[in-house]
Amino acid sequence: MYRIGNGIDFHKLEINLNRPLILGGIECESEFALVGHSDADIILHAISDAILGALALGDIGQYFPDTDPSLKNIDSKIILVKCLELMKEKNFDLVNIDCTVIGERPKIAPLKDRITKSLSNLLNLPLDCISVKATTTEKMGALGRQEGIGTFCSILLEKRS
């Protein structure tokens, strides 16, 4: 049996030299940072939500509510690990992921290899089962005005026999 999951996450982007910009589990050199209750890693959030969605287990807000002060600035890798544990408990394995980052900045092309390698390590997936790509909104809307960035992620899970 196979299951497909989709995850979407958006965060506000601001100039902040005191907070790192984290995408796909890596720190990116940038004057920008994402605003959020956690470290605001939109890629790991979208993957985590896609896993939960494929398993019909809700969303990351149910497991890691932004109203819980103890979760302030939580590393999104912790969120992902919890979702992977839930996936294993349900006897599913991750087959592949396809992520698209949407926004004007930062440019993803120079970061793509590092992000893909990070995801390969975090997810225990071969590099050829991970797609990370980017697009813009052609300067339209909030993302086009560089007020934020987002990620869409689709995943495929396979039930272990």
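Backbone N, Cα and C define each Cβ position, glycine as well.
Taking all protein chains in view, 30 other C-beta atoms sit within 10 angstroms of the C-beta of His45 (divalent metal cation binding site). Under the heading divalent metal cation binding site, Swiss-Prot lists Asp9, His11, His45.
Around Asp9 (divalent metal cation binding site), the same-chain residues six or more apart in sequence whose CB sits under 8 Å from its CB are Ile42, Ile43, His45, Ala46, Asp49, Gly150, Thr151, listed in sequence order. Asp9 (divalent metal cation binding site) carries a strand DSSP state (E or B). If you look up Swiss-Prot, you'll see 9-11, 37-38, 59-61, 64-68, 135-138, Arg145 marked as 4-CDP-2-C-methyl-D-erythritol 2-phosphate binding site.
Marked as site 'Transition state stabilizer' by Swiss-Prot: His37 (among others). In three-state terms derived from DSSP, His37 (4-CDP-2-C-methyl-D-erythritol 2-phosphate binding site) belongs to neither a helical nor a strand segment and is classed as coil. Sequence-distant neighbours of His37 (4-CDP-2-C-methyl-D-erythritol 2-phosphate binding site) (same chain, 6+ residues apart, CB-CB distance under 8 A): Asp66, Leu71, Lys72, Asn73, Ile74.
The annotation site 'Transition state stabilizer' is assigned in Swiss-Prot to Thr136 (among others) on the grounds of sequence analysis. Within 10 Å of the Cβ of Thr136 (site 'Transition state stabilizer') there are 15 other Cβ atoms, across all protein chains.
A Cα-Cα distance of 26 Å separates Ile60 (4-CDP-2-C-methyl-D-erythritol 2-phosphate binding site) from Thr136 (site 'Transition state stabilizer'). Looking only at the binding-site residues His11, Pro65, Asp68, the one with its C-alpha closest to Thr136 (site 'Transition state stabilizer') is His11. For Asp68 (4-CDP-2-C-methyl-D-erythritol 2-phosphate binding site) paired with His11 (divalent metal cation binding site), the C-alpha to C-alpha distance reads 18 Å. Annotation note: Ile60 (4-CDP-2-C-methyl-D-erythritol 2-phosphate binding site) sits in a helical segment as assigned by DSSP.
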